[in-house]
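Going by Swiss-Prot, these are the annotated features:
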type	residues	note
ACT_SITE	HIS75	active site
ACT_SITE	ASP121	active site
BINDING	TYR55, GLY57, GLY59, ASP76	Ca(2+) binding site
DISULFID	CYS38-CYS99	disulfide bond
DISULFID	CYS54-CYS146	disulfide bond
DISULFID	CYS56-CYS72	disulfide bond
DISULFID	CYS71-CYS127	disulfide bond
DISULFID	CYS78-CYS120	disulfide bond
DISULFID	CYS88-CYS113	disulfide bond
DISULFID	CYS106-CYS118	disulfide bond
SIGNAL	1-19	signal peptide
Amino acid sequence: MYPAHLLVLLAVCVSLLGASDMPPQPLNLVQFSNMIQCANHGRRPTSNYMDYGCYCGKGGSGTPVDALDRCCKIHDDCYGEAEKSQNCAPYWTWYTWKCGSDGPQCDDSETGCKRIVCDCDVEAADCFAGAPYNNANWNIDTKKRCQ
């Protein structure tokens, strides 16, 4: 083996070791992101919803700032109910769905926890698509506005 090949192999191994320390991303967030794009027909990037208002993104508290933020609170509550009543792990639950001309739809074969989580995501994605987006509510100071 050539010395250059050994260096490349070593670099790959070191980078893989570093990546093993990174926490895995919840699988469901990928599906939910795709579902949002289906519902809004690609009009707004999913990243715009990651740090919006008091509830869109990680965590949530206080009173939602507008209709879109209420969609996120409803979604958070839906996941919370799935965790409590069905013992689901919504962020890790993988389900089957399709993107139709009228928006996202859960596969009819899904039941139990998968169906509940899929329904939560469809409801939220449709809600996002129907709610106005206010740029002033993106990346707000949650300590001040979300009491």
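Here the Cβ of each residue, glycine as well, is placed from N, Cα and C on the backbone.
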Count of other CB atoms lying within 10 Å of the CB belonging to ASP76 (Ca(2+) binding site) = 17
Can you tell me how far the Cα of CYS56 (disulfide bond) sits from the Cα of CYS71 (disulfide bond), in Å?
-> 8
What same-chain residues, at least 6 away in sequence, bring their CB to under 8 Å of the CB of GLY57 (Ca(2+) binding site)?
-> TYR49, MET50, ASP51, CYS72
Which residues does CYS78 (disulfide bond) neighbour through Cβ under 8 Å, counting only same-chain ones at least six apart?
-> ASP119, CYS120, GLU123, ALA124
Hey, for the Ca(2+) site built from TYR55, GLY57, GLY59, ASP76, who else sits with CB inside 8 A of the CB center?
-> CYS54, CYS56, LYS58, GLY60, CYS72, LYS73
Taking just the CA atoms, what is the gap between ASP76 (Ca(2+) binding site) and CYS106 (disulfide bond) in Å?
-> 19
Name, in the order they occur in the sequence, the residues of the same chain whose CB lies under 8 A from the CB of CYS99 (disulfide bond) and which sit 6 or more residues away.
-> ASN34, MET35, CYS38, GLN105
If you measure from the Cα of GLY59 (Ca(2+) binding site), which of the disulfide-bonded residues CYS71, CYS88, CYS113, CYS118 is the nearest?
-> CYS71
